[in-house]
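**Q** Submitted below is the structure of interest, expressed as structure tokens.
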Amino acid sequence: MCKLEKFNYALFGNPIDHSQSPKIHNFFATQTGILHIYKAINIPLDQFSSVVSDFFKKNIKGANVTAPFKKEAYFFSDKLTERAKIAQSVNTLKKISDKCILGDNTDGIGLLSDLVRLNFIKKNFSILILGAGGAVKGVLLPLLSLGCSVYILNRTILNAKILVKQFNKYGKIFVFDRQNFKQQNFDLVINAMSRNTEKKNFLPLSLITSKTFFYDMNYSTRNTPFINWCSKAGGSFISNGIGMLVFQAAYSFLEWHNVLPEINYIINILNIK
């Protein structure tokens, strides 16, 4: 584990070896000239609260949180932004005072910003989301606020129903039952399952058209199974989630420093399409 005195911002997760966040935040620091020294820390699964508490007792100002600790970060926070309250998930922590840690969630605005950049979304789109885990909670509100109809396809239907019940007051959200569905076409398909999920058929081909957009919230130096499936299925508009990562990182940076980095510059540096 890195010594806490060596940096003032961090990413907490398990595992974090694959993370691009330190590279992105180093770009932000160089671009803005702000003292922003950012490290990734792998936390044992049963030590989140103790490690993070120790972190904030030092002269430390903020942290990002990734899987599997976003729910724990939600309960760890002394104060929450409205979007974090709704998501019941936190990916950004900010030290307000010695007695107050603010929890925020920038995943939703990060996803929406990247979808807009790619021209993958419009008002009232019909969207199918694959998965009903914690990653989905953080991104639903911006999609629903845009007037989109969101359908949740999950292996365990009960989990999808719980998610729909939590968010149906914010917009049009439904459970998609793969075994019993009415024929329809989706404008956008978002994969929110694990990047290592291997499937021969992520969804029925009858649900997509040549104009359907495909977005994988995961990112990797290699194509994920979902990206490969989309290509084989004939998808023409496909993107992984590294753009979302850059945007959510930028909005975390904004939370900490009141400065929004020039995001397209970072995207170009990372050669993101």
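The backbone N, Cα and C atoms fix where each Cβ goes, and this holds for glycine too.
Summarising the annotation, Swiss-Prot assigns shikimate binding site to S19, Q20, S21, T66, N91, D107, Y219. Under the heading active site, proton acceptor, Swiss-Prot lists K70, citing sequence analysis as support. Annotation source Swiss-Prot lists NADP(+) binding site at E82, G131, A132, G133, G134, A135, M217, G241.
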**Q** Based on Cβ atoms within 10 Å, give me the single least packed residue among the binding-site residues E82, D107.
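**A** Sparsest of the binding-site residues E82, D107 by Cβ contacts within 10 Å: E82.
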**Q** Just to verify: the residue among G131, G133, G134, G241 with the fewest other Cβ atoms within 10 Å, which of the binding-site residues is it?
**A** G133
**Q** Compute the centroid of the Cβ atoms of S19, Q20, S21, T66, N91, D107, Y219, then list the same-chain residues not in that set whose Cβ lies within 8 Å of it, in sequence order, for the shikimate site.
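**A** Those within range, site residues removed, are L11, G13, N64, L245, Q248, A249.
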**Q** Which number gives the other C-beta atoms within 10 angstroms of the C-beta of Q20 (shikimate binding site), all protein chains shown included?
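**A** Result for Q20 (shikimate binding site): 16 neighbouring Cβ atoms inside 10 Å.
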**Q** Between M217 (NADP(+) binding site) and S19 (shikimate binding site), how far is it from one CA atom to the other, in Å?
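**A** Pair distance, Cα basis, whole Å: 14 Å.
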**Q** Just checking a number: largest C-alpha distance across S19, Q20, S21, T66, N91, D107, Y219 for the shikimate site, rounded to a whole Å.
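**A** So the maximum pairwise Cα distance among the shikimate binders is 17 Å.
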**Q** For A135 (NADP(+) binding site) and S19 (shikimate binding site), what Cα-Cα distance in Å is obtained after rounding to a whole number?
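**A** That separation, Cα to Cα, works out to 16 Å.
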**Q** Looking only at C-alpha atoms, tell me how far S19 (shikimate binding site) is from G241 (NADP(+) binding site), rounded to the nearest Å.
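**A** A Cα-Cα distance of 12 Å.
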**Q** Which binding-site residues from the set E82, N91, A132, G134, Y219, G241 come within 10 angstroms of K70 (active site, proton acceptor), judged by C-alpha positions?
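**A** Correct set: N91, G134.
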**Q** C-alpha of D107 (shikimate binding site) to C-alpha of G134 (NADP(+) binding site): distance in Å?
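**A** Cα-Cα distance, D107 (shikimate binding site) to G134 (NADP(+) binding site): 11 Å.
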**Q** What are the non-local neighbours of S21 (shikimate binding site), defined as same-chain residues 6+ apart in sequence with CB under 8 A from its CB?
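**A** Expected: L11, Y38, A40, N64, T66, L245, A249.
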**Q** Give the distance between the Cα atoms of Y219 (shikimate binding site) and G131 (NADP(+) binding site), rounded to the nearest whole Å.
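**A** Distance (Cα to Cα, whole Å): 16 Å.
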**Q** So, in DSSP terms, is K70 (active site, proton acceptor) helix, strand, or coil?
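**A** In the DSSP reduction, K70 (active site, proton acceptor) maps to helix.
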